[in-house]
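Asker: Pasting a structure below so you can have a look.
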Amino acid sequence: MALKSTNGTHAGPTASAASLASLAANISEKAASLSTYLESQGHAQPSFLPGCADPPETEEYLALHTSLTSSLEDLQRLVDGPRRSLRPFIMIGNDLAALQVAFDFGFFQLIPPEGSMDVETLAHKVGIDADRTARVLRMLATHRIFVEPKPGFFAHTAASAVFHDDEELRCAGHYMLDECFKAATACSDCIKASPNDSDSTHSPFNTYFGVPMFSYYEQNPQFAARFAKAMAVDRQIAELRDCFPWGDIKGTVVDVGGGSGHISMALARNFPKLDFIVQDDSEKMLAQGRARNLSDIEGRISFMKHSFFHPQPIGGAGAFFIRQCTHNWCDRDVVKILKSFVPGLENSAPGTPLLINDTVLPVPGSKPLHEERALRQMDMLMFVVLGAKQRTAKEFEALLKEADARYEIRRVHADGSMGLVEVHLNI
């Protein structure tokens, strides 16, 4: 079901046009289709119990998921009405406060993966009173994060068990509920203090903590280590591998701002004819890459200290690649980064691509609301922590033209959270 909103954008079943009955019918139909699909593919049915497997990431499943989620959200809002539907939104800080406590005091690790733990024992282990321990757990249990199988005893659910088992995801959650949650409370103060400036020194993070984010991590290595693990959550490369014809590249891929080189290593293992140079400004990150076991790709990957704010020294490349870097910087800095590639592209064969692998924001209303929301959450996160932003394809195009009028976007191979923008320099 796809209807038009009053402003003409695609909005799915809308509150002004969709009836409760039609939404409910669509939900029933899509839920049945989803269940049938899971069964046909040999997947277990969804469950709140620990050990429940994540659903598949196939195109078929995601299409059913998108349609079902859109209808579920709209039905919930229609049933609640405008006033009641706003209450959970404006009260969400209290839910997040409970989650913050659970992360800070290690609830997810201390409650055993099987069986349960009484609240008195947990409170004693973490060194706080049983009353607040229970209240936090009961708040989370309303989101099916933990369950109270009998009074005063708590056990894992499928959701809480994920935080118990997955250290990287737990670090991502802790990072969000510590640095980011705190910094977000300073958004309005930041804007009031600098109504026309937005960069790392004019960011809510800097307003709250008194230093830009990366300086904060230099001063607090224990939080820097957690941040690094949190960022590791986003290391899946299947979409990147499949959305671009890497096998057609002739020559060396220069991975700029590539950190320890984990993406280049993964691509090298998938495309045995490609070689890689990993560039980063951090000797520590480069050292981590060199220390990895590279025996299976020996001689095909090298490491080089280089800042993407300085002119690119490598010529004759097969491609230049920059992943998840532009969203960390304000527009004027991104222009500097894009300018830095020009010498390298000028000294490479005509048609050598610059591949920008970063979020590509959608045109408003062009995606289902829950998908657009997830992307705009990341855009707000970049504002909060770095005074930076995520960008649309048109915004990338404008910055590219400002950097060099010869830049041209040839194709956006993928959009959303793992966009890939192919850029050429017309020479």
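Quick reminder: no glycine exception, Cβ is built from N, Cα and C everywhere.
Take a look at what Swiss-Prot says about it:
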- Asp281: S-adenosyl-L-methionine binding site (BINDING)
- His327: active site, proton acceptor (ACT_SITE)
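For each listed feature, how buried is it and what is near it?
Answerer: For the recorded site, Asp281 (S-adenosyl-L-methionine binding site), the DSSP three-state label reads coil.
In the three-state DSSP scheme, His327 (active site, proton acceptor) is classed as helix. Summarising the environment of His327 (active site, proton acceptor), the number of other Cβ atoms within 10 Å of its Cβ, over all protein chains shown, is 18.
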Asker: Measure from the CA atom of Asp281 (S-adenosyl-L-methionine binding site) to the CA atom of His327 (active site, proton acceptor) and give the result in Å, rounded to a whole number.
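Answerer: Each residue's Cα considered, His327 (active site, proton acceptor) and Asp281 (S-adenosyl-L-methionine binding site) end up 17 Å apart.
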Asker: Within 10 Å of the Cβ of Asp281 (S-adenosyl-L-methionine binding site), how many other Cβ atoms are there?
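Answerer: Taking all protein chains shown, Asp281 (S-adenosyl-L-methionine binding site) has 14 Cβ neighbours within 10 Å.
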